[in-house]
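Report on the structure given below.
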Amino acid sequence: MDSVPAQTHQGFKEAGAASASHLTTTTSLPTKVESRTAVMEALEDIVYGSAAGIVGKYIEYPFDTVKVRLQSQPDHLPLRYTGPLDCFRQSIRADGFLGLYRGISAPLVGAALENSSLFFFERIGRSLLYSSGFAPRDSELSLSALWFTGGFSGAFTSLILTPVELVKCKIQVPDEPGGAGARQRQLKPIPVIKEIFRHEGLRGFWHGQLGTLIREAGGCAAWFGSKETTSKWFRGRNERALLKRGASQEEVVASRERPLPLWQQAIAGASAGMSYNFLFFPADTVKSRMQTSPIGGGGDNGGKGAATMMPKKSFGEEARALWKQAGIKGFYRGCGITVLRSAPSSAFIFMVYDGLKKYFPMA
């Protein structure tokens, strides 16, 4: 997943203050200036967050391909891959290194859509909390409130991500598992989209929605919680260091308005990405298995053929089948490589985003 940068929280706080001042100001000019500031903050969040997410996607995508291939190994056959390194070797031997980037066009679009949606719905979640009187508009939200707004944002974003990830998974795992009759699916997004629509209609694009919902709602809540907790710890540490050097109280207060150093933002982002990926990885595994099943059918038929005639499995049915076949370990295939790649990927996303905000401000 692509992360939501910390500086947006200050932007939302300023936007809330702007809304509150609109109720008391007697002239139109200050309101226009403040409204424009809030709009430009939101625009920066969306544009720069999307750009950072796309860059991050290029970094993490080969690891994501390996993860999906590990997750989607068939129930009734011996495992194709003994682990991430073996999957890397076999994949590069079969398709070359660029084969690990198969299907990246849809996720690149998804990275931009995901970030834009996260910012938009997170803002709505904050507005709901402020409107309900949960917190004054000129104050920062508590960590528990940020968990809520993150989960709220992730839940709505999952509706956008499920079709994108469905197409991505179909392309990343192109061969039908098992035996004779396996065919090579066309490895371009448009043909895959047409095939899904022809066999399953519009509803078919949301196959695996429950898994995406669990992963995104829970994952985004964990993202905000981990990110803000780590950032808060760093701010306290920095303030104590200032006081130890003899800084005045005014200097300490002023330091709270400045963004954290990039390396601290990177660590906070890395911890958030690792929490997001680890905590709800089993739901992502079940989703990947659902989304790599044959188009028009529900996956293998126990090696008896006629796979495409089998009905699609629900989330619960797929989870039970995986538990029966591999136990708890089956739900964590590819987890290690996913958590490890999420640390540098999330850190890089934050560094790109904050660099763009600092050197190319829109307002």
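Cβ atoms are placed via backbone N, Cα and C, with glycine included.
These come from Swiss-Prot:
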COMPBIAS  1-10  compositional bias 'Polar residues'
REGION    1-26  region 'Disordered'
COMPBIAS  17-26  compositional bias 'Low complexity'
TRANSMEM  40-56  transmembrane segment
REPEAT    40-128  repeat 'Solcar 1'
TRANSMEM  109-125  transmembrane segment
TRANSMEM  141-161  transmembrane segment
REPEAT    141-233  repeat 'Solcar 2'
TRANSMEM  208-224  transmembrane segment
REPEAT    260-359  repeat 'Solcar 3'
TRANSMEM  266-283  transmembrane segment
TRANSMEM  334-353  transmembrane segment
Composition by DSSP (helix, strand, coil) of residues within the repeat 'Solcar 1' (40-128): 73 helix, 0 strand, 16 coil
Residue distribution over DSSP helix, strand and coil in the repeat 'Solcar 3' (260-359): 75 helix, 0 strand, 25 coil
The repeat 'Solcar 2' (141-233): DSSP-derived helix, strand, coil residue counts: 72 helix, 2 strand, 19 coil
